Amino acid sequence: MRALWIVAVCLIGAEGNLSQFGDMINKKTGIFGIMSYIYYGCYCGWGGKGKPLDATDRCCFVHDCCYGRVNGCDPKMGTYSYSFQNGDIVCGGDDPCLRAVCECDRVAAICFAENMNTYDKKYMLYSLFDCKEESEQC
């Protein structure tokens, strides 16, 4: 448990889009994104395998697929430009790669908000060892 706390603290203070993504999740859902989604289901957090467990986990699966299509920058570390306008997330900036990363995060944050009713605490801190079904293709 101590190791998980250290990871969480490091992520909260992370520069780049991991902290930006957490901010988007917080603004769209009203909950603290990093802690609520970091090890949720089979796809939220680093890595992923098996079939998504619910619609919330599917948001993470789609987000992973989106990151996989980004070329030219590190999706987890680059800092992108975004703003909130009338409750909407608006991605900006001149770098097409970072804008693509922002769009991945924006779509995932909206997906989390639209699927909050599927969020199940039993999938928090879920072990990838329990994700045994064949993985889906993006």
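Cβ atoms are placed via backbone N, Cα and C, with glycine included.
Taking Cβ-Cβ distances under 8 Å and a sequence separation of 6 or more, the neighbours of HIS63 (active site) in its chain are TYR43, CYS104, ASP105, VAL107, ALA108, CYS111. The annotation active site is assigned in Swiss-Prot to HIS63 (among others).
According to Swiss-Prot, the feature active site maps to ASP105 (among others), an assignment based on similarity to another entry. Using a 10 Å Cβ-Cβ cutoff, ASP105 (active site) registers 26 neighbours.
Residues or ranges marked as Ca(2+) binding site in Swiss-Prot: TYR43, GLY45, GLY47, ASP64. Around ASP64 (Ca(2+) binding site), the C-beta neighbours below 8 angstroms that are at least 6 residues distant in the chain are TYR43, GLY48, CYS138.
Around CYS42 (disulfide bond), the same-chain residues at least 6 positions away in sequence with a Cβ under 8 Å from its Cβ are GLY48, LYS49, GLY50, LYS51, PRO52, LEU53, ASP57, PHE61, TYR126, LEU128, ASP130, CYS131. Among the features that Swiss-Prot reports, disulfide bond is placed at CYS42-CYS131 (among others).
Contacts of CYS60 (disulfide bond) defined by a Cβ separation under 8 A and a same-chain sequence distance of 6+ are given as TYR37, TYR40, GLY41, TYR43, CYS44, GLY45, GLY48, PRO52, ALA108, in order along the sequence. Residues or ranges marked as disulfide bond by Swiss-Prot: CYS44-CYS60 (among others).
Following the DSSP three-state reduction, the secondary structure of CYS59 (disulfide bond) is helix. Other C-beta atoms found within 10 angstroms of the C-beta of CYS59 (disulfide bond) number 28, with every protein chain shown included. Per Swiss-Prot, disulfide bond is recorded for CYS59-CYS111 (among others), and the stated evidence type is similarity to another entry.
Annotated disulfide bond per Swiss-Prot: CYS65-CYS138 (among others), in sequence order, evidence recorded as similarity to another entry. Of all the Cβ atoms in the protein chains shown, 10 others lie within 10 Å of the Cβ of CYS138 (disulfide bond).
In the three-state DSSP reading, CYS104 (disulfide bond) counts as helix. The disulfide bond annotation in Swiss-Prot covers CYS66-CYS104 (among others).
Positions annotated as disulfide bond by Swiss-Prot, on the basis of similarity to another entry: CYS73-CYS97 (among others). When secondary structure is read from DSSP and collapsed to three states, CYS97 (disulfide bond) falls in the helix class.
Marked as disulfide bond by Swiss-Prot on the basis of similarity to another entry: CYS91-CYS102 (among others). Within the same chain, the residues at least 6 positions away from CYS91 (disulfide bond) whose Cβ sits under 8 Å from its Cβ are TYR80, SER81, TYR82, ARG99, CYS102, GLU103, ARG106, listed in sequence order.
Annotated signal peptide per Swiss-Prot: 1-16, in sequence order.
CYS131 (disulfide bond) has a Cβ environment of 19 other Cβ atoms inside 10 Å. Between the CA atoms of CYS66 (disulfide bond) and GLY47 (Ca(2+) binding site) there is a gap of 13 Å. In three-state terms derived from DSSP, CYS131 (disulfide bond) belongs to neither a helical nor a strand segment and is classed as coil.
Listed in sequence order, the residues of the same chain lying 6 or more apart from CYS65 (disulfide bond) and placing their CB within less than 8 Å of its CB are CYS138. In the three-state DSSP assignment, the secondary structure recorded for CYS73 (disulfide bond) is coil.
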